[in-house]
Amino acid sequence: MHALRSSVLALWLCLHVSVRAWMTYRSANGLDEYEPEDRIIFVGTKWCGNGNVAEGPEDLGSLKETDACCREHDMCPDLIEAGQSKHGLTNTASYTRLNCACDEKFYNCLKNSSETGSGAVRFTYFTLLGTMCYRNEHPLICVKKGWFSCSKYELDQSQPKRYQWFDVSSNFAFPRMLT
């Protein structure tokens, strides 16, 4: 059963990467008209993916705990849409980026869920997608590079706080969690 679940997850991830590549191509070539059929929603959910297929805020899929986490994440009040600017930051990604507090809450919600699907959603969002979030914090200095991003930061307490981008990763290494 574990091998089947792993194979399904791998297939879903390959499909997701292919669709993201197609969406990036469409956007870069002026074909970024968003169609509902372009949505990829994680199986068993209505809110976990790019957009949602829910009929309303109370409409959840069969993975109710996981879906509730995604719904709350989708409703984050502090976000920067693709191509937009806020807090002196410009989101150059092709998707919305959120305040780190929303991503941290999402991570903890998925981690505390007893459903199997929550682990796959958490792995996809926090490990595979390589997204970023923002927060008002003292400037960061990267003291150790990982494979794809900085793996250890230090805060420069001598400088004033400012809004800045942070890597969202599986270890969720945000400044307030560092020593």
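Cβ from N, Cα, C; glycine included.
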Swiss-Prot has Trp47, Gly49, Gly51 down as binding Ca(2+); which of Asp74, Asp78 does it also list for that site?
Asp74
Between Cys48, Cys102, Cys109, Cys133, work out which one Swiss-Prot annotates as bonded to Cys76 by a disulfide.
Cys102
Cys100: disulphide-linked cysteine among Cys133, Cys142, Cys150 [source: Swiss-Prot]:
Cys133
Mind telling me which of the disulfide-bonded residues Cys102, Cys109, Cys133 has the densest Cβ neighbourhood, counting other Cβ atoms within 10 Å?
Cys133
Pop the Cα-Cα gap between Cys133 (disulfide bond) and Cys142 (disulfide bond) into the table, whole Å please.
16
Same-chain residues six or more away whose CB lies under 8 A from the CB of Trp47 (Ca(2+) binding site)?
Ile41, Ala54, Leu60, Gly61, Asp67, Ala68, Cys70, Arg71, His73, Asp74
Nearest-integer angstrom distance between the alpha carbons (Cα) of Asp103 (active site) and Cys133 (disulfide bond):
7
DSSP three-state call for Asp74 (Ca(2+) binding site): helix, strand or coil?
helix
Work out the three-state DSSP category of Gly51 (Ca(2+) binding site).
coil
